[in-house]
Amino acid sequence: MRTSRKGSFSRTCACLDCVTNTCVQQKLSQNASQVYIQSFMRLQHGQEKQTQTKSSAEQRRKTGYSEIIKENKLFEHYYTELKIVPEGEFEEFMQAMREPLPATMRITGYKSRQEAVSMIPPLLMKIEPQHKILDMCAAPGSKTAQLIEMLHSDMDIPFPEGFVIANDVDNKRCYLLVHQAKRLNSPCIMVVNHDASSIPRLYFDQDGKKDILFYDRILCDVPCSGDGTMRKNIDVWKKWTTSNSLQLHGLQIRIAVRGVEQLAVGGRMVYSTCSLNPIEDEAVIAALLEKSEGALELADASADLPGLKYMPGITSWKVMTKEGQWFSDWSEVLKSRHTQIRPTMFPPTDPEKLASMKLERCMRILPHHQNTGGFFVAVLVKKAPMPWNRRYPKSTEVLAPAEELQMGECPADAPVEAVEGESPCSVCSSPPPPKKMKLFGFKEDPFVFLTEDDPIFPPVQAFYDLSPDFPKLNVLTRTREGKKRNLYMVSKELRNVLLNNSERMKVINTGVKIWSRNTDGEQFGCAFRLAQEGVYTLCPYIRARILNISVEDVKVLLTQENPFLSKLGDDAHNQAKKLGMGSIVLRYLPDPKDLNAPQCPIDLCGWRGKTSIRAFVPRNERLHYLRMLGVEVFRDKQGKRNDGSTEIPEGSAEDAEGLSQEADLLEQEGEEMEQNGSESNANGPEPIGSTCDGSAS
């Protein structure tokens, strides 16, 4: 599968064949979901490579650690009683749970390790380029990466109208999100740090007035007990008890409720867990549907992933304590256990109401059916505003931050129906209980947009001959005072969000770097050199400083440290002689007649020196491009290439013609992500296996 070079998003070719040295001429599928569906189905039919990972138990045996026994009688008893596994398949189910999980890779130019079942939720969201998307519990970011890729499925649109806001409660894990997002170089991604159950309501300017931001698509992949991940997280075997699910149930409802509150009418929210437990799955969905009073509907997603083997959601289940005591109904629960067991953990008692919920539309993936992890997913469609918003319209008005109602907070004059023996505003009452947003200091560097008359911009505009439609108001920096070291760009819509919510949310990172300051460049007319990560964002607007090169020129530039101009082909050499010193774009355009050459355009950042020229390309990209061209570069432990020369370390090379270290090849990763402490986990007890992405950091 391939993404073209056109547009602001893709910096590396995304064809499977390019990874194996051959690029085929084929457009990206009309719908990015189809690409992933096909990839997922190839996996199921054994056509996609799967490498069996060594279990942690085997590794511990080799290093002297005691082996973890993959047995948990309580687990077996619990799921035997719940009958989530078809009759006669339980032994096969348990055998699959004890087997190591095959490693699966998602290849989109970069190779990302991600569980196959983890790829499912984004596929069910039916994302389009104009959609405003919220990923509520996003770290480590594999699903977020899928969302960004789908947002950019039409490569003819450099700036999609939509965007992705990726949130996580853990400050440190937010930087995993930034790491994932930076590889994709999208100007349409923002990483924020909030408790998902009280993520603030955002505003934006629309038609000259401030309006509430409602999302078209929301991914609600909540923290969970993670018993579906036993194949890779074998510690779950000895730690698993039913109390994990009982403790997380309330949090999961609060997060899901906050999600549907911020969902636009007509929008879709995908709720998912890597748990098989109905307390975390169907019980949460049933609670949402009951309190929505018809505002939410479970969508039938069976046709969206043809060939996927799954079990329909169940409509009957029981609750068990960690001591093994069972309860079939809320009325059976002793008052002494009301703090641990809640009414929403049980299925509705009204048969007609239960049937109307259509819980069978939920999807539970069992490990032994397709050699995967365990997973649960449900798709909710919002048909109308939530009932508490209809009853108390003030909660939807634009309020000052201190006055705004937090998730599920009852207005002072709101009548509340109390459950017998319970205090008002319990999890089962309407509206749901409040979860106050914690206020904290904003320790990140500020996001400062350039003004219309900013003095640094005219020299840049003149040097690169930027087209008149260049959106310079979307350019920002991370400092209010002193010299601006780097310039970043965001989409128009994210600029709108940033300007209207700077005091309401903690933004960790946004935008794609397009220019870096190079003091030595001032003598050549511009103090800012191009940044490779933003070259595809800028290219539609640059009309000067472009050097067209051939396939052989690309090979020379990527394999030689500082080639002389004479090393280039005649055409490129003649063009280079006409260019002054400074930052340039090295552009390869495909030749449709030469099918052996890459059939997608390539743009590289470069520097035209006095007698030489060089490409400023990060190592991983450099290797990828070379493989596209059929050149395999091997390195030994000392970093030496197969020709005996030493590879240039990232961020340490100087141009032979006076390019200073300020214009280093690549800024140190995480430069904009310095941490000044971390927020505490506001989401309560830490789950055993809160994510099933299985992504590499």
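Using N, Cα and C of the backbone, Cβ positions are placed for all residues, glycine too.
Over in TrEMBL, the protein carries these features:
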type	residues	note
DOMAIN	36-383	domain 'SAM-dependent MTase RsmB/NOP-type'
BINDING	CYS137, ALA138, ALA139, PRO140, GLY141, SER142, LYS143, ASP168, ASP195, ASP221	S-adenosyl-L-methionine binding site
ACT_SITE	CYS274	active site, nucleophile
REGION	638-697	region 'Disordered'
COMPBIAS	664-674	compositional bias 'Acidic residues'
Would you mind checking how many other C-beta atoms are within 10 angstroms of the C-beta on GLY141 (S-adenosyl-L-methionine binding site)?
32
CA pair GLY141 (S-adenosyl-L-methionine binding site) / the residue listed as 'active site, nucleophile', Å rounded to integer, equals 15
For S-adenosyl-L-methionine, with binding residues CYS137, ALA138, ALA139, PRO140, GLY141, SER142, LYS143, ASP168, ASP195, ASP221 per the record, max Cα distance (Å, no decimals) returned as 20
Take the C-alpha atoms of LYS143 (S-adenosyl-L-methionine binding site) and CYS274 (active site, nucleophile) and report the distance between them in angstrom, rounded.
13
